[in-house]
Amino acid sequence: MKLEMEKLIAHLKSQGFVFQGSEIYGGLANSWDYGPLGAELKSKLKKMWWDFFVKRNPYNIGLDTSIILNSNVWKASGHLGNFNDPLIDCKECKSRWRADKLIEEKFTDMNVGGWKNEELENFIKEKDIKCPKCGACNFTNIRQFALMFKTNQGVVEDEGSTVYLRPETAQGIFTQYKNSQRALRKKLPFGIGQIGKSFRNEITPGNFIFRTREFEQMELEFFFSPDDTTDWFEYWLEKVQQFLLEKVQLKKDNFILREHDKEELAHYAKRTVDIEFKFPFGTGELWGIAHRSDFDLKQHQEHSGQDLTYLDPATNQKYLANVIEPSVGVERLILAILCQSYKEEQLENGERIVMELPYALAPYSIAIMPLQKQQKEQAFNLFEDLLQEFDATFDETGNIGKRYRRQDAIGTPFCITIDFDTETDQSVTVRNRDTMEQERIKIEDLKDYLNNKLK
Ligand code: GAP
């Protein structure tokens, strides 16, 4: 059965995963806040990425750079000149659209990235593509729309004080590449990872948290010698898939790989492969892996006047490093995980919604429940003890069936019930979210049992 986004969004709101931003003031278009469980899920996913791509990778280190950078960074990177979307206005109802998205939403297997404005305009006319709001086909010509949020730093609002919110975290890494390499005495090849907020004044944000104006990115810039014969692009493409399959546990059937053709490549890229997820509203980019060559370091070297070359101790040669960049949005990956996890199941005694989240990402790993009031104190003591080692919650309201449903609905892998017999047999009942099977476990064995299962 196809997942309906409205159902998922309503569920995530009711369970405390995602709320509409500024809701009590009527909201702010396309802004979303992460509730207590969403914040937990996000933080676990970011830690998972950091562990895999930074801490447990033999080559890499991490970094945390500013959101607001010297504006020359954006001149050098090309964002001030090139980071635009093709904007088109409906002359009838005055609504504003992205010309490329109008086409791709109508012809879902087309990709028009890289088309010239004229080609887009002609195609819209030829195919009589209509304004999604009023149904007319009467558009203005395309204008390029700058995607960076602009503001001023300090008290004076003039051109000299203009600064931008970063549209990607990558440039912070490039500007601190030399400092990081020197300070950590890194030899090529090595990578620098970063997680942080990025901002884009998207013309057509939407599809819930898929495209927003404020989002987080997890980016790795991997630097290597131009003479290195290792295929680092394939290495990182493989690593990203390993992360998706083994850590995030996305099903292989749920995503595809798409190689960019020449016309579609971004201004900095030599090769790009997108990993696209099959979202309920259509297949969309999840993770981009790009070969950025030495484009960024060369640009920053030129614009800053600083030497960003690397002196190879083995050959005594100086050169600019090449770069492979795997880049993913935190929220987009969260959306893929949530879409895959949400299940409605018909049971013998009713129905349940279950979030089949990977154990490592579930906001709570275990829920502790006293069967009746009489066991509350004993259950609470056990909860306090387990809380030191596990992500645990305590649930004492409603009948036990309702409590199981509640925990299923937020993806808690194990429920632990303290009942009449616990005092005498020093055992508890452990119930599995996915199989719904129950096992009697001795309290003294409980931590080992859980550690084993949650591993
Ligand atoms: N540094 C390269 C870069 O930023 P990108 O393809 O523009 O490349 C990388 O973005 C990833 O960031 C995307 O694959 C997507 O997961 C995420 N992303 C980009 N724009 C986004 C937006 N408006 N909302 C949510 N996520 C976004």
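For all residues, glycine too, the Cβ spot is worked out from N, Cα and C.
Copied from TrEMBL, the annotated features are:
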BINDING   ARG98, GLU168, PHE215, GLU216, GLN217, MET218, GLU219, GLU325, PRO326, SER327, VAL328, GLY329  substrate binding site
BINDING   200-202, 210-215, 285-286, 329-332  ATP binding site
DOMAIN    148-363  domain 'Aminoacyl-transfer RNA synthetases class-II family profile'
I'd like to verify something. Among the binding-site residues ARG98, GLU202, ARG211, VAL330, which ones have a C-beta closer than 6 angstroms to some atom of ligand 1? GLU202, ARG211
Using Cβ atoms only, which residues of the same chain lie under 8 Å from VAL328 (substrate binding site) while being at least 6 residues apart in sequence? TRP49, GLN217, MET218, GLU219, VAL240, LEU286, TRP287, GLY288
Cβ-based isolation winner (fewest other Cβ atoms within 10 Å) among the binding-site residues ARG211, ARG332: ARG211
Cβ neighbour count (10 Å, all chains) around LEU286 (ATP binding site) is 24
Cα separation, VAL330 (ATP binding site) to ARG98 (substrate binding site) (Å, whole number): 24
Pairwise Cα distance for ARG211 (ATP binding site)/PRO326 (substrate binding site) [Å, integer]: 18
Coarse DSSP state, helix versus strand versus coil, of ARG98 (substrate binding site): strand
Which whole number of Å gives the largest C-alpha distance between any two of ARG98, GLU168, PHE215, GLU216, GLN217, MET218, GLU219, GLU325, PRO326, SER327, VAL328, GLY329, the residues noted as binding substrate? 26
